[in-house]
Amino acid sequence: MTWRDALQPVRMERIAVVAREDSLGTVLRLVADAGVVEFSTPPDASLEAVSETATIRDGVAALAGWMPATSVSELSGRLVAVGGAVVRLPRPRGSEAPSLLRSRGLRRSLSPLVVAYGTVPYSDIDPTPLAAAAYILMFGMMFGDVGHGLLLLGAAAGLFLRRPRWLARFRRAWPFAAGAGLTSMFFGLLYGECFGPTGLIPVLWLEPLAHPLPLLLAALGVGALLLGSAYLLGIVNRWREGGWPVALYSPAGIAGAAVFTGIGLVLAGWYSRLAWLTGAGGVIAVSGLTLAFIGFLAEAGGGASGTAQAVMQLFDVVVRLGANLASFARLAAFGLTHAAIGSVVWQGTTGLWPAAPIAAVAVFIVGNALALAVEGLVVGIQALRLEYYELFSRVFQIEGRPFRPWHLPLPSEEAVSCPSGSGEGCTPSTPPSRSPLSPSSSGP
C-alpha cells in the first residue's frame, strides 16, 4: 500500500456482475456470501429483489454496483467457476463512490472517532490517524498526571489482554486508553504532578496552579497549531471535492486559512512590535476575506440581497474563528481543574496523616479514584467536543455515502427453529458464516 492509499478511503471500482440468465441465482449467492458488492438495492434485499433489477439481453444478465478494488480479482475467480464474471466499468460522471475506511490494525480501533461524526466523502482524505493523535494530545494536556497516566496504561493493558473477561467487549478502545495514558504522563512530568502535587517528581516546566497564564498561552498555541492543520486538510479536501475554485473561495479552504494566518501574523506583529509583520498579516487577512466574500456572493446569486447575505456570512466567519480559537482555552482550564482536584486531595491527605493515618489513606485513594473517573470522563468529552466542533468543521464540508455491501438476510429465529413435534433428533440450521472477503470481517 502506498502512502497516498493510506491517506484516503478504500479505492472503489464501478463494476458489473455478469452471468448467464439461467445461472444468475447461483452467481448472486456467491456475491452475497462474499459481501463486497454494493448494488442499488437495499443491503439486505432478498435474492429475488436483486435479480429483478438485472438488465437481461440475449440470455445474459448484468447488475451494476460498487466494490473495493482489492477484492475484484478474488471475486472474479470465484464467479468464473459458475459461469459468472466481474467487469470493470468507467465511473459515471457526477456520481460519488461509496466510502469505506480502512479497518486493519490500529485503524480498526481508531476509525470510530471519525465514523461517529459522519461518513468521510470518498474524495476526501481519511483523517483517522491525525484525528486520533489530536484527541490524545488534547486529553493529555487536560489530564496531566503521571500517576493517573500509569493507571490509564494499566487499563489499556487490561483491555488489550481482555482481563477481566467483561472488558473484552471494550477491547477496541485500548489504543485510546494507552495513548491517553502516555500523554497524561508526559504532561504530568511537565507539571510535576504524580497523584497530585506529591513531590514524587520534579516540575520540568511549570506548576499549573502557580502559573496559569503561561499554561493558557500554551493552550492557545496548541489550538492554533491544530486549527492550522485542520485548514491544510480542508484545502486538500476542497480541491479534491470541486477543484481549485472551491478550494480558493471556501471559508474552510484557502480563503479561511488566509484569514486565520493573517490574524495570527497581526497578533504576532503587535506582540513583537514589528510593523512589517503586522502589515503583512493585515494584507493576508484582507485577501482571505475578499476571497471568502466573492465565494459567498457567487453562492448567494449576487444582487443587493446576495451582497447583504455575503456580508453577514463574512462577519460570521471572523466571529467563529475567534470563538474557535478561544475554545482551546479549555485545554488550560481543565488542566487547572485537574491540578486543583489533585491539590485538594493531597492537602486533605497530609492534613489527616498525623492524627488519623488510615483516614488519610482512604482520602487519598477515594479522592484519586474520583478524580480519575469523573475528571477522566469530563476531559474525554471536552476533547471530543474540540475535535468535532473546532477541527472537523473545517476538514469536512459535505458528508459521504457509506459503503453498504449486499448480503442475503439471515434466517429469522422462527425459520431456524425446529418445528413442533419434530422430536429430539431435530437440529436447527445455523446461519451461514460471513465470507473472509467481507469488509466487515477483515477490512480491505
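Residue positions begin at 1 at the first shown residue.
Glycine is no exception: its Cβ is also placed from the backbone N, Cα and C atoms.
Annotation source TrEMBL lists transmembrane segment at 132-161 (among others).
Look at TrEMBL and you will find 173-192 (among others) tagged as transmembrane segment. Using a Cβ-Cβ cut-off under 8 Å and counting only residues 6 or more beyond its ends in the same chain, the transmembrane segment (173-192) has close neighbours at 106, 109-110, 113, 132-133, 135-137, 139-141, 143-157, 159-160, 201-208, 335, 339, 380.
The feature transmembrane segment is assigned by TrEMBL to 212-234 (among others). Sequence-distant contacts of the transmembrane segment (212-234) (same chain, six or more residues past either end, CB-CB distance under 8 Å): 125, 127, 130, 134, 137-138, 141, 206, 250, 252-253, 256-257, 260-261, 264, 324-332, 335-336, 386, 390-392, 394-395, 397.
The annotation transmembrane segment is assigned in TrEMBL to 246-268 (among others). Long-range contacts of the transmembrane segment (246-268) within its own chain (CB-CB distance under 8 A, at least 6 residues past either end) are made by residues 224, 227-228, 231-232, 234-235, 238-239, 274, 277-278, 280-289, 291-292, 294-295, 298, 313, 317-318, 321, 393-395, 397.
What TrEMBL records for 274-297 (among others) is transmembrane segment. Sequence-distant contacts of the transmembrane segment (274-297) (same chain, at least 6 residues past either end, Cβ-Cβ under 8 Å): 248-251, 254-268, 306-307, 309-311, 313-314, 317-318.
What TrEMBL records for 318-346 (among others) is transmembrane segment.
The feature transmembrane segment is assigned by TrEMBL to 358-384 (among others).
The annotation region 'Disordered' is assigned in TrEMBL to 413-444.
Taken from TrEMBL, the feature compositional bias 'Low complexity' covers 435-444.
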